[in-house]
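**Student:** Here it is: the structure, laid out below.
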Amino acid sequence: MDSPPLYLPLLLLTCLLTLWQGAGAQSLFTIDSVTLKLDPSGEVTSGTLLDLNCEVSVSHDQSHPLTHSFNFLRDDVLVYSKNTTEPAVLHQLTPARAANSGTYKCQVIVQDKSKGSRTHRLTVTGLQTPVLQVTSQILFEGEEVTATCSAPDESGSLLFHFYQDQEKIKQVWANGNSVEARLELKYAGDKHLLCYFEIIMLPDAGRSNNSNTVKVMVKELFITPVMNILPGKDVIEGDIVEFVCRVVNPPPNVVVFLTKDKRVLKTASISLNHSLRVLAEDSGEYVCKADRGNVQKEAYESIKVKELFSKPVLVMKPREVFETQRFTLNCDTDRYSHERINIGDVKYSLYRNQVLVTSGGNYSATAHPSLNGNYSCQAQAQGRGQTKNIFKNSTQIVLKAKVPVSVPLLSVVGDRLILGKPFQLQCQSDNGSLPITYTLLSPHRQAEFRVVHSPWDLALFNITSIHRSIDIHSFSCKAENYPNQPHVESSGEHLRRTATIIEPVSRPVLTVTPNMGDVAEGEDLTLTCTVQRGTPPITYTWYHTKSALPLLSKTTNDMRLSHSVQGVSREHGGGYYCVTNNPSNDSQRSAMVTVGVKLAGWKKGLIAAFCILLTVSLIIILIKKCLLPFRRERTVELSVKPASTKTDETLRLTHGKVNEAANVTPGVMGRSVWSDHVSGSESDDQTREETTEVPEPQYTEVHPQEVDPTRAPVKKGTDTVYSEVRNSNQARLS
């Protein structure tokens, strides 16, 4: 095998390289503009030749032209498209029709870029006149003809209308510009057909002109029937009547019907005979109808059937029957035909639930549940010939013996009654046929009535209130279920035995022990809550105003209950009250009682002792402060007295010391220092001597002198002064 030439691989490599360069190289371009022109533009008439020219300007770097995709849009819907390297594309409407109306735009796509022109509005006025054609212009009444209405130059969805002699007979919708319709022409005569159309999507375009008119001849179909009634139109019950319905010289495929009150009695081809043994209800209009295709012809005749005897009437007396009460059923007719029968020829039979009760027109019995049921009467003529088999039934009577109403039971709704609050009473009888009328009686109020019509109804009476338990006896209830029947009545004694009567609690009274409401710390406080009235059990609850929570809550049957606070303290002082409640759920609150807490006795003694000590101390301090100026004043007074048997200095010193001692000794020694001199006679003499011999004091003006520091008086304490005074006294006594 020869090896391939050497240039083949080189050629293949060159081709691949060229393809790669072509694929990798990307042209540079830009769409400068897109222009759409309509010629003519704006508004044009239907049938005008219209040009739509789209031009594009593209700048690029390629030597060969680019491919342009031209898209013509009407109302943003694509109507025409073309790919070309040419810079312009022409789209023609030949001719323009109303369906071409809309807003046009040209969109040009080059590779991955797109640009659109300005929009232009085009309005095409006027619609093409349609053309009407029919398959046949001669036919019989009731036959159908195919009509074609077309507008070849129009486009879009069209709605076609067909008219017969200015009467619309059909409309058809079509996607194209032509449609076929089958039209039924019912009546004989010359018919004129035409059509027109509308564009569904362009309602503003209006409707087209009427098409050409096509004349169609509709021939009459002679199938009118004839009806005969034998022996005649006026007959008596039991007579045989024959109906004859036929078509004279009929065309093929004719069917006749005999009907009454839209009910088909018989049907046949071309003609029929129908025999009927008539009754009174067979009176009326009969129709003989001939039918061929869609064509129908009718003939009408009426008959009148006289009653052989009237429909029997069943009567029950009395109309409302109670159990154990006698009742009577009577059956009779009020009219009969004298031409055919006598009054005695009519026989009666009574039935209960379609079972024979008696042969005759009268029946009497005592009402009982076993005799309840549907009663009816059947009357039969016993004449000759066809009258023997005439039966007539009366209207049924439903007998359901009423049950006398039993003694009503008067009860409280909810089985409990709260004095002073509204409540309801119910009156109910266990037995008794409905409706039952209940009457609530009371000497203090007007009578009230309630009528119960169904087992689910209740005879309820609203009572405002009563305030004493004994008042419940004043109510009574009366029940009756038929005006002529005696009523039965119940009293309120049953209420007293069955109803729970609850008396709300009276306002409680809170008392405290000790009675004055003042208790000493450490003592016990007793809070007693008392009510005068109220149905037990009663719930007592105590509160302290310093807390929102109750102190204690307790339920009992007693009318009084106490709560003790052991070992009260200062925080137990304040207001207390109690709240009572019972099954009436009507809470009552007592008045608030204020309790004061006193100090304990030993605390009072301690405080008193402390106060006494504090008072004595204050008195001592005040005495000291008050006597100190007096002592100084006395010292100055003694220092200015006239000279006596003793030297002034000694006297001033003695009297000064004595005054200081007098200020101290009464509180310390319990007696005066001057008492030491009372027992001595010498002292008495000296005292008398001083008293008698001392002359009237003469005051000498004292001038301030310089004080020798070495002789300045020395301040001495109380003890020192007292010692000096005592030593001086002892020296004088010795």
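From the backbone N, Cα and C atoms, a Cβ is placed for every residue, glycine too.
TrEMBL annotations: computationally assigned, not manually curated.
Annotations per TrEMBL:
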COMPBIAS  725-734  compositional bias 'Polar residues'
DOMAIN    32-125  domain 'Ig-like'
DOMAIN    225-304  domain 'Ig-like'
DOMAIN    508-594  domain 'Ig-like'
REGION    669-734  region 'Disordered'
SIGNAL    1-25  signal peptide
TRANSMEM  605-623  transmembrane segment
**Student:** Do you know the DSSP helix, strand and coil residue counts for the domain 'Ig-like' (225-304)?
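**Tutor:** So the counts come to 3 helix, 56 strand, 21 coil.
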**Student:** Just give the helix, strand and coil counts over the domain 'Ig-like' (508-594), going by DSSP.
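**Tutor:** Taking the domain 'Ig-like' (508-594) as a whole: 3 helix, 46 strand, 38 coil.
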**Student:** In this predicted model, what is the average pLDDT of the domain 'Ig-like' (32-125)?
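**Tutor:** When the pLDDT values over the domain 'Ig-like' (32-125) are averaged, the result is 89.
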